[in-house]
Every structure is written in C-alpha cells, then in structure tokens.
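Trainee: The structure that follows is given in the form of structure tokens.
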Amino acid sequence: MVGGHRVKIVARLRPPIPGELSDNGIRIITTDDGLPSICVNNPRDHSQVFKFPFSSCYGHDSRQEDIFEADVRPLIDVVYSGATATIFAYGVTSSGKTHTMQGSRAQPGVIPRAVEALFDHRRQMREYDVTLSASYMEIYRDEVYDLFVDRETAPKLPVRENDAGQVFVANLSLLPIEDISEFNKLYTSANKQRSVGSTLLNRESSRSHAILTLEVKLTQQDKVLTGRINLVDLAGSENNKLTGNDASRLQESAAINKSLSVLGQVVHALNQGASRIPYRNSKLTRILQDALGGSSVGVLICNLAPGLKFRQDTLNTLNFAVRTRNVENKPVVNEQDTRSAPKLHFSAVRQAPPKLAPLAMAPPTTRRPRASIAPRNAASGVTSAAGPSRVPRVSAAFHMAEAAPYPSIGKRRESGLGIIRERFNVAKKITDQDIDDKISKAVEAEVERRLKEKLEEMERQRTADEERTRQEAEIADTTRDQTFEIPQPSLPSGLLTPLLKRHQDLDNELRQRLQELEKKYERDKLDGDIVHKLSPKSRKKTGRAYVALARAHSEKGDLQVALDLYRKAESYVPDNMKLKERIIEIDLAVSHGTEFNPSPKRARTRRRPRRTTQARAAQSSLNIIPETSVPGDESHEEEAVMNLLGGESKDDPPKQGGRVTNITFGVELTNSPSKRGMGTEAYRNGEVRRTSPRKRARM
C-alpha cells in the first residue's frame, strides 16, 4: 500500500509596519539538528517561550522568489504528472497573505510565478498536447461567486458532488489561456471585482476567500492526464475590538471567522480519526475537501504578524499549523483512457471501472491483446478455425468436481448455455442428442455436488455443537468444584486518615457556612418586611438610629458590629451614597484587618436666612439699615433676623392661645387688626387706617 503525503507547513514573518509596536517577541532560530523553528514569547508570561519547528521558516527579510523556488516550484512537476496540488495562505488579518499570493509588479507573488512556471514547463512536454485553463471564484459570506463574470449580474453558484465523489462548483467558468499576457489581463480584471474593505488594521482588507484554479490537460493518443493547482488566498481572522468594523463589516467578519472555525474543526476531526468530518458545515471546507484528507498534495503558508496586538492571534495560527501538519492526503494520478471500450458479449461478466493509480506508482504498462480462449479439439489437437471466442471458457475446476471438495467461485458462474455456445463453435457436427446428454450430465453433477456440500456442512455444524456443549459442561463442573477468591489489595494503615480528616473539616466548615447564610437570609427577609410596612419618614428615622449606633461601635473599635448596623441602616435608606461609601470603607478595613480611619466630614457653610417680600417692604418703608453682624456674635444676628421677620426673639414672651401677642411695629402680617398688635377698640376709634400695600409703599 502506498503511503500518504502530509501537508507541508511554510511559516513566513512579515516585516513590521511603520508605527507598529513590536518587541522582537517572534524570532526564527535553527536548532542543533539543522531544523528551523519559530520562537514566540508568551504574551501573558514573557519568561515563557513557545517553539514551533517547521521544515520551512522565512524571516522578515525573505524574498518572494525564495519561497517560490523552495516550496512551490516542485509542485509544478506534480501538476504535470496528472495530480492535484493545493496551496493556501493562512493568518490573521494584515499579516501579508495577499502579498504572498499576489505580490506586486516589482515583487510578484506565488500566483504570477506559478503561471509563468506552468507555461515554461509546457514547452518541455513535446510528446503531449498541453492545454491550460483557469477558473477564479470567491466565497463571500459563505456564498460562491464567479469572478470571471460581472459581479453585478453574477449569480450564487451551488456546490455539487459527482458520481465519483469529487466536489465541484456548478456553472463555474473555465476559460482557456494561451499565454501569460492573456492570463494577466483576465486576472487583473477579476481582482477588481473581489470584495475588499478598509479597516483600522488594513487599508485593503480581503472580505472573502479567493480560490484560483489552473487546470493542465495533457493528451497523448489514447490517454488524457489532468493536473490542477489550487491557489487559495484566505481572508484573515479578525478581532472586532481592533478592526473597528461597522454593521456590514461585522457581518462579513462573522462569516469569515465562522468558515475559519469550521476549517479548524475539520483538521481536528481528521487528527482524531473521527467517523464524521464536518466538511459540509462550510462551503470553504466543502470546496477544499480534496486538500484536507483527500487526494491532493497540500502546502499551507502561515503568515505571521510581529506586532504586540497580534501576539495571541499569531499563537493561534501556529497551533493551527501544527495540527494541519498531521493531516495525511493520498494523491492519485487523474488519468483517463479515451479508447472506446470493446463491445462485450451479453453473457460476459462486466468488470468494475479501474481505480485511479497512486501518485508514487510507476506509469501503467501497455495493455496487451487477450489470447484466444477457445479450447483445443481433443481429436485434432488444433484450435478451432472460428478464431478467438468472447464467450467465457469453462473453468478447469469443472472437470475436477470429484477431486476438489470446495469448488472455486469461477466454477459457480458456469452455465449450460456457455457450454453449448462453446461446443457449438468448436465442432459443428455435434447433434442435439449429444448436447442434451452433456447438459443432463452437467446438471446431475452439479446437483450431486451441492447435495454433498450441504451434507458436509450439516455434519460440521453438528460436530461443532457437540464440542461446544461438552466444553460448557466441563467449565460448569470446574466452577462448581472450585471457589475463586479475588484478592483485594490492602492499603497501608493510616494512609487515608489525613485525607478523611481534611474532608471532614471541609464538610463542617461548609455546613457552618450554610447555616450562617440561612440565618442571614431569614434576618434580611424579616428586616425587608418591616421596612416595607414603615412610612418614608419612619424609615428615615430608623435609619438614622442605626447609623448613630454604628458610629458609636466604630468609635469603640467594634468594626464588625458597626458594619452590620450600617448595612441594616442601608436597608431603610438605600439611596444614601455617603452611607454606601462608609460601608465600603469599614468592609475593607474588616477584610484586610487594618485600622478604620473615617473620611473627614465636609465643612458646612452657614446659610443666611432668606428675607421675605414683606420684610423687604417693611425695611424699605421704615428705612431700616440692617446691622452688620460681627463674627462670633450669632445671637445678635439671629435676633435681628427674627425682628425683621416678625418672629420671636429670645426675650419675647411666649405665645398665648396660638396667637402672637407682641408684634414688632412696621411689619404687617395680615389685615386683621387683632393680628397686627392692636385691639379692636383702637381700630374702631380710627387710630389705624386701612391702607393697601401699594399705598403704604408710596407713603
């Protein structure tokens, strides 16, 4: 059995972009055995370094030509041998995948160099008629579009599978190309229709997966070899926190990340040897099925970004490459025989179509004509003049039916009709009676043989049943006489004692904690019921009482008790931010075992009493100039304000009967004479005149 070919891994580190933060955390070293490796610092622990050994590693100073000559050019010979090769670029967004595959005019990438190499190799194939064709498609938001068709009118193309199990895209254009200039014209116009967009990480970010297929057909007389090379430019995985995508870009990013995730699932399932590989979960993996565990030669180019913000994505890319390198493909030669098949006789057994030859096998030998199968005449010793017959000859085992106990399979395919045809072609003088006699003898021999086989089979079955019954009886007797004791392994004494004690302590601690939580829940529930039954004013008073008690305990140093009291107060006044801050401060002090230092109180500014409109009117009418309050003499200021407002001073007599008995002159509280400090008699005698406030102001 021919061995498989594993996917080859090529790692390439792009140079840093101007303004990009880089700490030289990704390096390429050569081990003692001469194998290059990629070394990456752990972004979470810089003292830890991850090493990824690959067969091909290229630094930021590598050239496009170096990668093509070392890892891509050998695949040109594979394509011209009739096999399929697939090269796909993988990596995070802005890591240089499109530059590696397409390049520029000054630095052509893999695709233009591969096309040039295919045309150069065609000149060497003089014995074949070589034709080259190209197809180009993109997978945008998990839908397939033909890039050789106008994008405005391009339909969505379905993915199908033919009778041979090969996956293809229906209605995809396959255009013949005659030279490099014709290909460049087609390829340039198709790239203008590819979906690209601008993000914060890349000015021209690919928003779709692009697959370019170059097909080579080699025709030589009766056979056709078909080789293909698939050049895949995958869209990069994106972190939406860094790209700044809008709504439409987010949908594109979700489709890209989903298809790449399914690609990782397919690789994982292949490594695990799963019975079901999820190729159908994405159209990308469905189309690349031949390159992942199929019959294609695969090369994965991992593009790496040196920036610090891409460090975790770089590790994910390298881990994917390590898993992909274990995927094994079995390439085959796609060869087709164009000769018309000979017309078989209606009684001939039809053979299954030949399988494709493995790539490593030698070229098939020339097919020789089949020798005559006509039997020789026993009397004359020469072959029949009728020439070679297409009727299957009678197996030699048919004449040895008596000696062979197990007839061959070919013997069972014999038929009386084939014997008649064969004998009729050999000897024309055989009569019908002879033919009937031969048929009767053949039938009798066949019946006898089958009967004998049936009897022998029954005898063997009976003997096997008797032997099995005898063995079961012996085993039962032996089991009845003997008692099997399975020794139980004994553990040293005292080995499990510390473990059991520790588990018991943990159980007790957990049980105690649960009891405390239950008590706290019941207490909080009871307090909650009480709070809901109180009025807002009662809640505020109760909360102040709890705060006073808590402040007293905090001054004594009982922080835990004070914390509980503050929390009870919070249930009554939940909107008090200062109380919440005090709870946080005490909680931190209790949890850390530090001394509680309360935050200083804010200095209160003394507010001047507000003068009413009546007081200002009285002051203006009497031309009273308020005295300037002397700092520290608050009693005089309070007394002056109370005089202006008509209130009580400290020396005023108390109220009697709810009415003011001593009213300061010049302040009018009401139109009632009794409430202006005058008796009814004075009012009747005309000592006090009724005047409106407007008239009094003019006076």
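Yeah, the Cβs are placed from backbone N, Cα and C, and that goes for glycine too.
Features from TrEMBL:
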| type | residues | note |
| --- | --- | --- |
| DOMAIN | 6-327 | domain 'Kinesin motor' |
| REGION | 358-388 | region 'Disordered' |
| REGION | 457-495 | region 'Disordered' |
| COILED | 500-527 | coiled coil |
| REPEAT | 543-576 | repeat 'TPR' |
| REGION | 593-699 | region 'Disordered' |
| COMPBIAS | 659-674 | compositional bias 'Polar residues' |
Trainee: Below 8 angstroms Cβ to Cβ, which residues of this chain, lying six or more residues outside the coiled coil (500-527), approach it?
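Mentor: For the coiled coil (500-527), the list is 568, 571.
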Trainee: Helix, strand, coil residue numbers for the repeat 'TPR' (543-576) per DSSP?
Mentor: 28 helix, 0 strand, 6 coil
Trainee: Quick one: average pLDDT across the repeat 'TPR' (543-576), no decimals.
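Mentor: Residues in the repeat 'TPR' (543-576) carry a mean pLDDT of 86 in this prediction.
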